[in-house]
């Protein structure tokens, strides 16, 4: 190597070394910056790389939007009820027997939640046989309480086993929402809803789907279809499937309900009968024939849906139960001035300007006044029932207003299950406090009008948890309902079924939960048994066990000394 070339080589190496160090510094700085971005805001890189929107901006399906936008109150109820997991404890023992006057039959009550039969395991919802051969629960409105009529026990035993069903809880509705939307109330062509127009149907309610149309509506019962006529040029193309009975998500119940197709159309059969009033379409199968469900599934929702029309509305009934319409004809005639149309036997094409398919329903035996048309409430329903049966008392009698008249106490008497074992002692205590005591059984053979008048004549009504308490709808304002809760951790069920509705109707409500010593279960289990230490733990065994143990096999012996303050408080409520 020449002497002059070495210094040049050394300078070249140094320059390359500086470039390399500079490159290392730049790359290092880039890596440090990238690491910082990944750690602090990883989504800024990930979403920009894969082209996806952040979660809060990503579009959601209609079903997801319905769930997300659901009111927080309903969401909370859904989660809590679902965690409970137990069917509501409904009433009662069933003695199904056909009733001649109704052309059908009425089943025993069954309690608000469910009451499967121990022999058959499940009890089916009532459904038509040859039009009106309906099996129903013994506890119906006209006598709601026990589901028992004297002399009918053995005769009804066989029929009872055929028509028992596990009645669903509120949580069932929400748990099965997805199944309902895809199976029992699926809509086709939802994407074809015309932009800017309201869909024909609203499937967002967790308990009931409802369709409502204004315009040229053609109802063709033979085809079980409701057609909404569209003008030429309209882009609307909707098809909905709906079962007009408010037990959304209860697939077993809805399997007995006729499905009605609601669709928009430019072609339809010619009208054969024109109506100047709106139409309301609903079903009478499901759990009708059960006192509590007659109200919570039909009468309360029907009032909520149809009351605004002041009688100028036409009812069309799918799955007709003739005996039911006869039993409740006073209520039906108060809501509609027109004879009901039997969907299954009508071959006309009825044309309306306004039609509603399905009934507005919310929680059990309750109207949500924030969502109901015209903000109807349970107080309005209570007033409506008193008016329908022409009941004389709108409010209780103030103590002292009529010195010779004693406050009246109605005790709902039961047989076979949840009986008062010391009824005479209870009567004596109540009379000692100044009550005039009336004892009655709210059974299937009771005349509704008579029983309504009896309930309306009293100031206080009491009874052990059961469908007979549904008759509180006839009580005057500010009357007191006292519910005796059997042993077994049934407090929340009892309040949900009757306590909350009673208070919403403007009644005073007292709930008395019996102690261990007041339960006949002490005759069946030792006092140190877990059933007394932790009854809630037995709910995990399912409703069959709950019903058989805490409902069917338990009677009540009230501790009159402990119960006395409840009656005294009811008396105080009658003071001005």
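Glycine is no exception: its Cβ is also placed from the backbone N, Cα and C atoms.
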Task: Candidate ranges 20-40, 41-61 [criterion: Swiss-Prot lists as transmembrane segment] - done: 20-40
Open item on the list: Below 8 Å Cβ to Cβ and six or more residues apart, same chain only. Which residues does that give for residue 375 (N-linked glycosylation site)?
Closed with: 369
Task: pLDDT averaged over every residue in the topological domain 'Cytoplasmic' (1-19) - done: 60
